[in-house]
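As recorded in TrEMBL:
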- 6-28: transmembrane segment (TRANSMEM)
- 40-60: transmembrane segment (TRANSMEM)
- 90-111: transmembrane segment (TRANSMEM)
- 127-148: transmembrane segment (TRANSMEM)
- 207-240: transmembrane segment (TRANSMEM)
- 256-310: coiled coil (COILED)
- 332-355: transmembrane segment (TRANSMEM)
- 375-402: transmembrane segment (TRANSMEM)
- 422-447: transmembrane segment (TRANSMEM)
- 486-505: transmembrane segment (TRANSMEM)
Amino acid sequence: MGDFNLALVIVAIVVCVLVFIFNVYLLVNYQHPDDKNQAYFPKFVVVLGLSVAAISILMLPADVANRQACRHAIYNGACNLTLPMKDLWLAIYIIDAILVFFVIPFAMFYYEGDQDKSVGKRMKSSLMWVIATAIICGLLLGILYGLVGKVDFTVRHLSSSTAAFPTNFGFSSDEPCIGNGARECSAYTANSSSETTWTMRSTFPEYVVALATIAGSVLFSIFGGVGIACLPLGLIFSFIRRPRAVITRSQYIKEATELGKKARELKKAADALHQEQKSGSKGRKWRKNMKAVEKELLLLEDDVKALEEMYPQGEKAETTWAMTILGYLAKLVLGVLGLIVSIAWVAHIVIYLLIDPPLSPFLNEVFIKLDDAWGLLGTAAFAFFCFYLLLAVIAGEMMLGLRLVFITIHPMKWGATLMNSFLFNVGLILLSSISVIQFCSTAFAYYAQATAAQEIFGHTLQSLRGIKYLYKPMLIYDRTVNRYNVFQIAFIALAGLTFVYYTAFGWRRKKPSGRFQLSS
């Protein structure tokens, strides 16, 4: 253990503890009041899932730091005595897959089960659904792995003549090889017949991670592209739409009376639906009415929050109003900083990934210079950019909320998020986090070279049968050219559309969409 990078181990432990504490804080502040002091198992799954997602993102900077720990080693095999990053990568993503496809569905089925049934019956019903899902997923993965679970590496067979050890090698573009015989030792001058394919079977964990990356890449392209724009702009326009002054008491009473009337109507509708559920008449009309009540409840909660914000009460009303104003100022500052980071991300993707050949290493070079300036400063900046991309995915997912027919499903709201919504969104975040890592390892390939993540998400993923054409770069002599850039192009396109939409409409105040809304 003495040969391990002790400082890196300590930092990793501290970061894991801080991530866990932060996720508990999010759970406490996002949970709905109806879920307080109950639903402990879904809450544990939520905290665990969020922690795995955050730690998996921060593992890429740890992988880079782990590689640098043995960069100046004076003996061979020093890198074998650092952290086993490849095993850690596979472990974290196997846990990710188990949470997404088994644990979270079980927790959701159990939470949404009929409350009138016993705990045993709810667990049995949830377990049956999960077992059926496990059998289907196992069969699909087994069949796909058996048929196409192989990796095809494109290599060149090169050869050269031998010669006596020279006093001066004198290599140049005209003389790239030793001796005057065969010149195929240079990949630049080798003919196309020297190219061949080396086939081997991938490990099953790597194959599972690769397939999960495909599903996550679709979500990442959508949520990440939307979120990279709406995350900073949403904060900035929230400041623009902020309440400018405290409303009068008479206006507060009028609005509170209307909201109380709406609350009573919703309670009567919810009680009627509950009676229908107990009688077993859960048809199409019941589900439609349930969604309508849920939507109206969300609008009512928004109105109550806005009313409390515009008319603070209590002995410290002035302090509360001052904190509200400071909160909006903080959103403006964070929004401006986030906009700078988002622009840097988009510029880096265009400059380094989409333009052939790349115009510049851009952020890769910035991180390297920061490392040269002071220790792990570049690694910390690298971690910040990777984690910001995950925040962008979360912001995009919260904004879109899987809107189907203008009804928001499983929304995440501060102080009003039910556990089934929490679980659903955590599953999406976990699935997207795999693709965030793959995207970061590709976008910062120059800085993160020779890492365990590069081996998994670079060589294996880009050469796996069936999906390699979505990721695989094409080797043209001595340089690599990306073949399709499917997900990068989708990411940039959605980011551009979201930016245009927010610039055109995001600064406007939201129009009333419920039956009772705050009057202007």
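Cβ coordinates come from backbone N, Cα and C, glycine included.
The transmembrane segment (40-60) makes no contact with the transmembrane segment (486-505), as judged by fewer than three Cβ pairs under 8 Å among residues 6 or more apart in sequence. Only residues 6 or more beyond the boundaries of the transmembrane segment (486-505), in the same chain, are considered here, and those with a CB under 8 A from a CB of the stretch are 217-218, 220-222, 224-226, 228-230, 233-234, 237, 342, 346, 349-350, 353-354, 435, 439, 470. Contacts between the transmembrane segment (90-111) and the transmembrane segment (422-447): present, as 3 or more C-beta pairs lie under 8 angstroms, all at sequence separation of six or more.
Taking every listed stretch (207-240, 332-355, 375-402) in turn, the largest tally of C-beta pairs under 8 A with the transmembrane segment (422-447) is reached by 207-240. For the transmembrane segment (375-402), same-chain residues at least 6 beyond its ends with a Cβ under 8 Å from one of its own Cβ atoms are 53-54, 57-58, 60-61, 64-65, 68, 219-220, 222-228, 230-231, 234, 338, 341-342, 344-345, 363, 366-369, 408-412, 425, 428-429, 432-433, 436-437, 439-440, 444, 447-448. Within its own chain, the transmembrane segment (332-355) has Cβ neighbours under 8 Å at 228-229, 231-236, 238-239, 361-364, 385, 388-389, 392, 442-443, 482, 485, 488-489, 491-492, 495, counting only residues six or more beyond its boundaries. Across the coiled coil (256-310), mean pLDDT in this model comes to 79.
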